[in-house]
Structures are given as C-alpha cells and as structure tokens.
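Engineer: For reference, the structure I am asking about is given below.
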Amino acid sequence: MFDFSDFYQLIAKNRLQNWLNVLPAQLTEWQNQPHGDLPKWMRVLKKIPMDAPSTIDLKDSVTIGTEDELPAGQRAKIENLLRAFHPWRKGPYNVHGINIDTEWRSDWKWDRVLPHISPLKGRYVLDVGCGNGYHMWRMLGEGAELTVGIDPSELFLVQFEAIRRMMGNDQRAHLLPLGIEKLPELKAFDTVFSMGVLYHRRSPLDHLIQLKNQLVKNGELVLETLVIDGDENAVLVPFSRYAQMHNVYFFPSAKALKVWLEKVGFVDVRIVDECVTTIDEQRTTDWMTHNSLPDYLDPNDPSKTVEGYPAPKRAILVARNPD
Ligand SMILES: Nc1ncnc2c1ncn2[C@@H]1O[C@H](C[S@+](CC[C@H]([NH3+])C(=O)[O-])CC(=O)[O-])[C@@H](O)[C@H]1O
C-alpha cells in the first residue's frame, strides 16, 4: 500500500544501513495490518501533484511555492484535497498561498528550541513522535543532511506525504509509521528530538534509554515534554485523563527530568526553556475544527485543567550522550 523502497535504497548507502536488518520486516507487518481510513486517504494523496515548486522556504516557515504560480482552479482543487486530511494539528504550512492554519503553532515551539541546540548543518536527525513532520522541514531549513521521523499515526503519515509531494518528492525527509519501541539500537543519529512524547510513555526512563541508543557518541538529545512546578522529586501521575488526553503517565518537574536524564547516562544536561502553553498556541481553527486547549481548561480558573491539575506547562532540556 505504501512504498518505502526509496528509503531502503537511501539508507543502504549510509550509516543507517544496519537498520535494514529489521526495518523491511517491520514495515511489511505494518502494511499487512488493517488501517481504517488509510486506503481512502491514499486515493486522495495520489491526486496531489508532485511537481517541484518555484520556491521553498524552510528557514523561517514552511512555505511551498507562490499563490500566482498556479491557476485559481488548481489551487482550489489542491485545497480540497488537503482538507480531506482533517484534522490538521501541527503546522502552519503555506502551500501556493493556501494557509493551513493548524491547531498548534508548532513554529513557536521551534523558535523556543532552536537558539539552544547545536547547529543542525550536515547532521543526521531523528524526530521521535514527529507528528505530520512540521519540525522535520524546519530541521532541513537549518541544513540537516537527513531527517527521519517516526510516528505511529496514519493520518500524520499522509499529511507528511502530501507536503513532501508538493516539495517535489524531497528525499531528505522520511516519515516511518513506527513507535520508538520498534527501533533497534542504531547509534547513528547526531541529534535526536523527542517532543511531546515522554508523557505518553508508560515507562519514561526506558524511553530516555531508547532515545540514547539512537545517538552517536557525543550526539545531542532535545527533549520537550509537559512538566509541573517543583523540585527534583516532584512528579504528577494523573489518575485518568489530563486536559482530556488519554494515555498520559508521568509529568515530572524540569528538575526531576534533569535527574532522570543523568540517571540513564546523559551528561551536560541543561534546562533551556519552561513556559505555560497559551490558548493562542493551541486552539481550534478552520483546519482543526474539534475541541482544543481553551475547552480543556477550567472556565473559572484557566491555571487549571478541567480535571483540576495544573494547566499545561512545557520544558525543553538538551543533553549529550557521552557513550
Ligand atoms: N510510541 C511512540 N513512538 C513514537 N511516537 C509516538 C508514540 N506514541 C505516540 N507518538 C506520537 O507522538 C506525538 C505526540 S504530539 C507531538 C508532535 C510533535 N513532536 C510536536 O512536538 O509538535 C503531542 C501531542 O499531541 O500530545 C503524536 O504524533 C503521537 O502519534
């Protein structure tokens, strides 16, 4: 159903080649599972043109082509095709003047991350839980040699592939529909990002070890997750939902997270940013019409979630793998 052969050919010639010992079997298994709406989305995806646009900006935004490059009728057709992949959560994207106004201002997160990380020029980058790949394009904008994203969501895979087609089938970015737990110890990436994933993992220290196992010696981890206020021993484990999210487990303080990273062997651990998520950063839009953060906060006290927990606050930590 999905063709990963370009990626296999690419990594056969580079330092990710050991991955070929397990990856084709895993992705064949994935292909053979039932996939809900994916066949329908694939039919839409194939209608999206694969022509290289006249201009691409990945440095300051993700902007593909210009408005006047395409006849109005063709632009309207592309917009309809892209809307078939609702809800668009991560972005924004601008495609031939079509402004995909996503639930999240993922560019704001990128602006908080970028000043604190090693330059990405020439690097092999892994983005764990990459969503639809928004940050992968921004990583290429910073000169990364290759970005590989992994995310189990099928909708995010088709959204990513739609954008990639309109980039002229760019081969510098690849998204694989896998969870982090499926990765062997590749020890091959210069930078590994895990943003918005840790609180979804039942075993957060194992998650940190899995991330470490993907890094080359002296490679850099960029970790972003929901945190609470408090000292090295503070951690919240919500009883059930948090801000209406299922499958959430550990919300440490940034200081506790630093200890966890050191405990599993990272060094030079730095807490580089902490900020409360505003309702301007995560909200309902024309491209994501479901409920969003404003609906998940206590209407009488927006410093709390509807469940009575502290409202979402996120921290960014950067660390080095010495091994
Ligand atoms: N086991 C797993 N392995 C890999 N990915 C997973 C796993 N489980 C869930 N995910 C994926 O992790 C992503 C977390 S979203 C952050 C997106 C982006 N990074 C961002 O920073 O904007 C945050 C959120 O919406 O809660 C989703 O796309 C899941 O499918």
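Heads up, the Cβ atoms here are built off N, Cα and C, so glycines get one too.
What you are looking at is a predicted structure, and each value in this text was computed from that prediction instead of being measured.
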Engineer: For the carboxy-S-adenosyl-L-methionine site that TrEMBL assigns to Lys90, Trp104, Lys109, Asp151, Pro152, Ser153, Ile180, Glu181, Met195, Tyr199, Arg314, which of the candidates Gly73, Gly129, Gly219 is also assigned?
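Structural biologist: Within the candidate list, TrEMBL flags Gly129.
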Engineer: Measure from each Cβ of the binding-site residues Lys90, Asp151, Ser153, Tyr199 to the atoms of ligand 1 and list the residues where some distance is under 6 Å.
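Structural biologist: The ones that qualify, in sequence order, are Lys90, Asp151, Ser153.
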Engineer: Can you count the other CB atoms that lie within 10 A of the CB of Lys90 (carboxy-S-adenosyl-L-methionine binding site)?
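Structural biologist: Other Cβ atoms found within 10 Å: 24.
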Engineer: Give the number of CB atoms, excluding that of Lys109 (carboxy-S-adenosyl-L-methionine binding site) itself, located within 10 Å of its CB.
Structural biologist: 23
Engineer: Cβ-Cβ under 8 Å from Glu181 (carboxy-S-adenosyl-L-methionine binding site), same chain, 6 or more residues apart: which ones?
Structural biologist: Gln210
